[in-house]
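Single-structure report; data block below.
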Amino acid sequence: MDVNPTLLFLKVPAQNAISTTFPYTGDPPYSHGTGTGYTMDTVNRTHQYSEKGKWTTNTETGAAQLNPIDGPLPEDNEPSGYAQTDCVLEAMAFLEESHPGIFENSCLETMEVVQQTRVDRLTQGRQTYDWTLNRNQPAATALANTIEVFRSNGLIANESGRLIDFLKDVIESMDKEEMEITTHFQRKRRVRDNMTKKMVTQRTIGKKKQRVNKRSYLIRALTLNTMTKDAERGKLKRRAIATPGMQIRGFVYFVETLARSICEKLEQSGLPVGGNEKKAKLANVVRKMMTNSQDTELSFTITGDNTKWNENQNPRMFLAMITYITKNQPEWFRNILSIAPIMFSNKMARLGKGYMFESKRMKLRTQIPAEMLASIDLKYFNESTRKKIEKIRPLLIDGTASLSPGMMMGMFNMLSTVLGVSILNLGQKKYTKTTYWWDGLQSSDDFALIVNAPNHEGIQAGVDRFYRTCKLVGINMSKKKSYINRTGTFEFTSFFYRYGFVANFSMELPSFGVSGINESADMSIGVTVIKNNMINNDLGPATAQMALQLFIKDYRYTYRCHRGDTQIQTRRSFELKKLWEQTRSKAGLLVSDGGPNLYNIRNLHIPEVCLKWELMDEDYQGRLCNPLNPFVSHKEIESVNNAVVMPAHGPAKSMEYDAVATTHSWIPKRNRSILNTSQRGILEDEQMYQKCCNLFEKFFPSSSYRRPVGISSMVEAMVSRARIDARIDFESGRIKKEEFSEIMKICSTIEELRRQK
């Protein structure tokens, strides 16, 4: 049946159809190859925006650095990073005047956090630049490697387990004349295989000690590794993002804690809240502006876009802000917070893997690593790449580029929001001292500006003043990409406002479908996504019912588990038909075992196993929920699991779903090909780390987990816990005397082994 698409929209207000214009169906674009070109673009652009600044040379690393602060104010509309220190400080002072005690209180809250945070806070987060191996690693491994190197170099403050003590080690490490690190390498030998008598290449992984002098260590400590941002929709060009190393992360965390605490107290801030809470906050600001614009006043809203927000921000400005925010605070606290911006003023951007060359004629491929870009003959490159390399050469050191101005993506979201809000705050009548006034919303680089004035000239004047005020602190509102409307219709962080927020359902589209974790989790996540969208995103009952049917269909095709009485032939159908015929109560079979679907929009909150439990044959129940079933490598599952769902914009969200452990909750095994590479040593470290943590959790289940007081190693803690538990179990008669004495013997043996070591 052909549907004329325009008919669909006859009854729909235009703003509700906004969803259909979003590029959110189908697979998002991914990047291939190296990010070197994108990173060079970022570095070159950042320097271009600040080109009239002062050049200096870093005395420790020898890197050329550009400082645009208090530079000449722009005379045109081009983006620029010449923030004026006194203007930023004044904006902070006015922000404090409008919110008495805000900085003071946030500092007190942060001080408490600083003293209590444990170093394991840094294990959160995904990829982290590991300076010991000069490449990216999972955060936990990178942290473990850093601590291991610190300890072998006599830096042991971190043993207390507090993050602030680890950071003391970081500061101390920068004064050391040299650091000794352990790196992984691989050797190849040709040997004859006994079985096949063929020659094979054998790879062995070794660890070797290496000394790094002060300059090289500092460069590594200040390095941000770069990657290409994947899965960005609606853009033709890819762009680079940064992953900082462990030395920087802890300091950034404390600065962002302070800034988050400030943002929570600012009504114009779109961070750190999200979802419905954010919508409520925004609706309040709009309501305020609309009620205050009496019949005599006009009210207009700009859906704002800033040009290259990160590349025009400056760490030196952030240092000024922190200095102001923490005035009158203890010296140690001010110092610890000022280190992050100082490190960022001296940061180095790692250029990534370099370029790949291939000769069509000779069928040869060769990689030019980033380290060689400083010296290689440029005749091999095309015009645009040649220009990039020529421009970046004065900044290169050891395959990294000095990048003093600018903030890489996503590092100081909260603090830059505070800066943005401080300009919105200046729109009050008592500051503008004229007939126009403004207010708005800020969330990282995204903003909406509401201007009220008696007439159109006033609105224009207000917008101009806002634009120029922003320029003074290095914020560049884009005149091309921002647009103005009567208040009541605007967009902010992909929320569309039309006398209230319109559900932008298209953004949720990517998270519908089968996740591909395992049969049990996928069923649960699928129905939870539909349930959540009925609650939050105007997914109506009829559409939800259709979504559910499509999901079940998709699920059956993915896992080849069509109903037992279907005609569809797959490689599972023989087994599933047999099961169908043997089962008395067919309604009790799970969908993944060829059973019928019992879900409808009323019971989406119930896990499938619970929904069908009463309908199941007894022997099926026994097979399904049997931890001793030998065919399943079974993990213990808490009642709630977390899935990562991909909404269309912003980072992957974590979504909770109910997990019932069954024989369908399998875990796929790790791909073996990694075991033959140089990553293998790293993998083994990681597995050992994992095993230790799992063992520790067995001794300290989360319900009884108290943070260890005093300093004891994991082993000591587990041994003493084992002794206490054994005694309680023995005295209450849960274990026999022989078992009790055996446990005690094992504990003593472990302690003995530790002493010998």
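Backbone N, Cα and C define each Cβ position, glycine as well.
Taking Swiss-Prot as the reference, the stretch among 249-256, 409-416, 713-720 described by the feature region 'Promoter-binding site' is residues 249-256.
Helix, strand and coil residue tallies for the region 'Promoter-binding site' (249-256), in that order: 8 helix, 0 strand, 0 coil [DSSP]. The helix, strand and coil residue counts that DSSP assigns across the motif 'Nuclear localization signal' (187-195) are 0 helix, 6 strand, 3 coil. Within the model, the domain 'RdRp catalytic' (286-483) carries an average pLDDT of 94.
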